[in-house]
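Participant: Got a structure here, written out as structure tokens. Questions coming.
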């Protein structure tokens, strides 16, 4: 039997392998550690290296070199894929105050040529939609939004060379049964919990422009095909300043932007949101969070994961937990504030009132029932509010109160929670403040870790500006003193998300053994 003798080949676990492989299905191998004397002799004989410095077995340098090698291998496995993605105009999100419903917004670029849209971020719904072929839309003129200083945009399908309508026969078309012809454009309607708030139109596919933190990418940018709503008709809050230029649903449904990016294999099936105390924020697609974050599992609804629901075991002030305060809650960036089920709300606010040392007051125009007098000089000590989750994980709310300001500074504060009109609660933006909130859809977990919302990788500070170095469209962060009485509530459920679309590796037939080994030799050449 003819034998092919092959030299040392680099292995994943820091090993080299001496393989003899024949035309039959049988082969034998000898495992040799990459820092062994045998490998050192080969390097000297091949490269003419004299006095090769070899790390001492089990020394600090020894483990350091192994770790560095593993990190390089991880980068090689990623290939051309991105590690983290965010909209091409930067990862920064912006609060725009009462005029925009107290939600967080960011600029996204869609189409070819690209057009910019200022979309609200909503983890409680699935669909990305923008105003398009408007029959009934909010005004888009800058004169209606004093903080913008420029007009908002309307999407024009015929103006983008990469735009195409989804047909009624497409798998993402939920209303296909209402179509007379399977080839006609797919209609959509999303009704939100907020009274009489909805969007409707037809579904379109076009390019979403993204940037990357990955050094593996040639130009740090990506063009991702996404499905979104060409919203010709809006109702309710969407006509009154809430999301006038569109909304990005971040829910677990198959049609959401995180789902489409994961399905395309561009990122892991996860994303993170981070909101600072100054109300600025960040978003990163593909972020699964650091190893030391706390986590709790998402809960299914009727056997499906249709929104981000978690189970709260108890509510606590300081070290004292309130009895009978377990409930389920939707984690929703599309709700400005937090809502508790009626009975839970009563117990929580009464305990807060008992512990806070301040005079109760009322402030006209504010929706909260438990408000107190204060001054900018003397702010009473606020009891720490904690949500206890399963597996001993605790979520300490960094900003449970809302400060109220007058012409001379702070005049009071309110406990920024309201009773829910439904049996399930909502953890809104105000409770997420100060945390990197990780929506790990791949492992069906919510993660959180205190963060300054700047450094979202363990070692590298991520860019906040576009990949081309230009500054994103900037907006002033001024806010009105009077909050809106309610934020956008989450949408009714979408579809169950598919599992991560990362390709699976398959074994290679034994007849390709030689080809496989030659490929491995090419890979290892950079290591020797």
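Backbone N, Cα and C atoms are what each Cβ position is placed from, and that goes for glycine too.
Feature table excerpt (TrEMBL):
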type	residues	note
ACT_SITE	122	active site
ACT_SITE	332	active site
COMPBIAS	470-487	compositional bias 'Polar residues'
DOMAIN	104-449	domain 'Peptidase A1'
REGION	461-506	region 'Disordered'
Participant: Report, in whole Å, the straight Cα-to-Cα distance of residue 122 (active site) from residue 332 (active site).
Facilitator: 7
Participant: Let's check the environment of residue 332 (active site): how many other CB atoms sit within 10 Å of its CB?
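Facilitator: The Cβ of residue 332 (active site) has 29 Cβ neighbours within 10 Å.
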Participant: What is the average pLDDT across the domain 'Peptidase A1' (104-449)?
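Facilitator: Average per-residue pLDDT within the domain 'Peptidase A1' (104-449): 91.
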